[in-house]
Amino acid sequence: MMDMGASSGLGFMKMHGAGNDFVVIDSRGRGGALVTAGLARALGDRHRGVGFDQLAEIRDQEGADCALDFWNSDGSRSGTCGNATRCVSDYLMRDLGRDEVNLVTARGRLHARRREDGLVAVNMGAPQLLWSEIPLARAMETDSLPLEGTPSAVGMGNPHCIYFVEDAEAVDLAGRGAAVETDPLFPERTNVEFASLIGPDRLRLRVWERGAGITLACGSGACATAVAAARRGLTGRQVRLEMDGGVLEVDWRDEGVWLSGPVARVFEGHLSPEMMALA
């Protein structure tokens, strides 16, 4: 377990999965959640804080190895984060001396394991394919939305809008991503993905994350894109996704969508009283 000693300030760990980077705070045994929206915003500032795409807070949870809460760098909450879940699972498995863990998130109970090749895999649960579950603003088919480019919508505990394009590299990711994120069709805003088919069951994927902007990778986005591609007949259910920060693997099975990929622990530290005061 990371050093959370109060004498040296609140402890944290920096991790990333395929370049999708996180601050992890372990609040187990501390009497409840410690992170606030203000603290998340302060920590998320890459110039004045630590910087991250998402923050993951580990809490005590009866009947599971932990509960897990997610925050975006703008201080908003996120219902799920696939790569952060994999990173925290790696940390917990090392801490507990096991190769499998169970975590509770807003998405529900998730199971993670370490594969024989060393990659960390997590079952992200069944995709949400009904308009009311994602959610969208009104009833419609979710595999072909009434927007320019006819994207798909998939929920993975958070909403995703997926465009299949000829060349993902040519997309104005910042411009189009920001515009689609706040489209009225998505009452809770949305993550935005642009994907190109580059080989059998291989996709090039670029991501604009709700509340974070452009990120090098997105686990739930990889899952949503793989599901959307399979629904359209572009790929099978086992897909390799090549993102700016690395490669993620998705396997859509009957029991849920499995996300696999690398995990890296970067450093540990403690937040100063001055940083805590910014919260």
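Any Cβ shown, glycine's included, is placed from N, Cα and C.
Because the structure is a prediction, the values reported are computed rather than measured.
ASN72 (substrate binding site) has a Cβ environment of 22 other Cβ atoms inside 10 Å. Taken residue by residue with DSSP, ASN72 (substrate binding site) is part of a strand. Per Swiss-Prot, the feature substrate binding site maps to ASN20, GLN54, ASN72, GLY82, ASN83, ASN158, ASN191, GLU209, ARG210, GLY219, SER220; the stated evidence is sequence analysis.
Note: CYS81 (active site, proton donor) has non-local neighbours PHE22, GLN54, ALA56, PHE70, GLY219, SER220, i.e. same-chain residues 6+ apart with C-beta under 8 A of its own C-beta. Annotation source Swiss-Prot lists active site, proton donor at CYS81.
The secondary structure of CYS218 (active site, proton acceptor), as reduced to three states from DSSP, is coil rather than helix or strand. Annotation for CYS218 (active site, proton acceptor): spatial neighbours ASN20, GLY82, ASN83, ASN191, GLU193, VAL207, GLU209, MET243, criterion Cβ-Cβ under 8 Å with sequence separation of six or more. As annotated by Swiss-Prot, active site, proton acceptor applies to CYS218.
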In the chain carrying ARG210 (substrate binding site), residues 6 or more apart in sequence that have Cβ under 8 angstroms from it: ASN72, SER76, SER78, ASN158, PRO159, GLU181, ARG189, THR190, ASN191
Tell me, if you would, which residue among ASN20, ASN83 (binding-site residues) has the fewest other CB atoms within 10 Å in the structure shown? ASN20
For the recorded substrate site formed by ASN20, GLN54, ASN72, GLY82, ASN83, ASN158, ASN191, GLU209, ARG210, GLY219, SER220, which further same-chain residues have Cβ atoms within 8 Å of the site's Cβ center? ASP53, PHE70, SER78, THR80, CYS81, ALA84, VAL207, ALA212, THR215, CYS218, GLY221
Cβ density check for SER220 (substrate binding site), other Cβ within 10 Å (all protein chains) comes to 31
